[in-house]
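Annotated features, as they stand in Swiss-Prot:
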BINDING   166-173, 191-195, 212-215, 279-282, 308-310  GTP binding site
BINDING   Ser173, Thr193  Mg(2+) binding site
DOMAIN    1-159  domain 'Obg'
DOMAIN    160-327  domain 'OBG-type G'
Amino acid sequence: MQFIDEAKIFIKGGNGGDGCVSFRREKFVPNGGPDGGNGGRGGDIIFIGDRHLNTLINFKFKQHFLAQNGRAGAGNNRTGKSGQNLVLKVPVGTQILSNNKEHVIFDLTKDGQEFIIIRGGKGGLGNTYFKSSINQKPRKNTVGEIGDSMWVWLHLKLLSDVGLVGLPNAGKSTFLSAITSAKPKIADYPFTTLTPNLGVVYINNNSFVVADIPGLIAGAHLGQGLGDKFLKHIERCRIIVHLLDITAENLLQNYYTIRDELSSYSLSLKDKTEILCFTKTDTQSNEVIMSKLLELQPVINRVIYPISSYTKYGIKKLLANILSELQKS
């Protein structure tokens, strides 16, 4: 299924039904009083978070969503039927933004969470309502209210515990497939991953969700490559796992490229707990691995975990550390 994480839609509550002008007409009661009923309410627009959804594709090809109108009132003081509410299911993690994108109206972060964004219009009043001691036969009624309407943006930010970051071809998708049952596309060329992938890690009777986003390049926060579109998906992550390809020529520069992009995009990303690891260590000798660890660790003042997604070397230790950090946060 195509991954869509942004959509602009028009939503409108149902109109209220009109009130009715009616008078009793029964045998032997030639001058019956008013009996016009009120109109029914218009339907509401309701958003619901659904954990079984992971894309906004349902809003790509249909842009207008209208709740049902209320029915008009009827004689014998019958109130019109209310319009049905329109329920719009969206993935958990969906934000509803104003038309100018400057205001977050609501953030659906839980499965089953509901938000009534628009109320339907009230039903109009029938002529029974206007009967008084000085007006026994009112011919007055009111029309139903027009339902509110607005344009809104839907932004999906995936909910995960761990976000994987790194340059293109750093081994993120291979790592995800090694630790979860996720099956992302894997190939030996940059930008194999074009959409975020999610997987669940099970360890020591615990579990956590890992998100793999497309590789970042310098200038990602300005729209270079694919990064600026997908960086938002790791904003909600509790910790970041930064993968460095040990076969790359300039490891220090590669490290700072990613750190600079995270910092430039959001201060919240800059300050998140980061776990750093070397990938593809099965391609290097122990001497080379140790040399690169000694070269880089003192400079960045970080522990680096050497791993191989192919042989599973170092994976168990890394996952245990990730779980420990999650339990602290």
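Using the three backbone atoms N, Cα and C, a Cβ is placed for every residue, glycine included.
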Please work out the mean pLDDT for the residues of the domain 'OBG-type G' (160-327).
83
Among the binding-site residues listed here (Lys172, Lys280), identify the one with the smallest other-Cβ count within 10 Å.
Lys280
According to DSSP, does Ser173 (Mg(2+) binding site) fall in a helix, a strand, or coil?
helix
Once the chains shown are all counted, how many other Cβ atoms turn up within 10 Å of the Cβ of Pro214 (GTP binding site)?
24
Sequence-distant neighbours of Ser308 (GTP binding site) in its chain (C-beta under 8 A, six or more apart):
Thr279, Lys280, Thr281, Asp282, Gly314, Ile315
Select the most exposed residue of Asn169, Ser173, where exposure means the fewest other Cβ atoms within 10 Å, treating these as the binding-site residues.
Asn169
Number of other Cβ atoms within 10 Å of the Cβ of Gly166 (GTP binding site) across all protein chains:
25
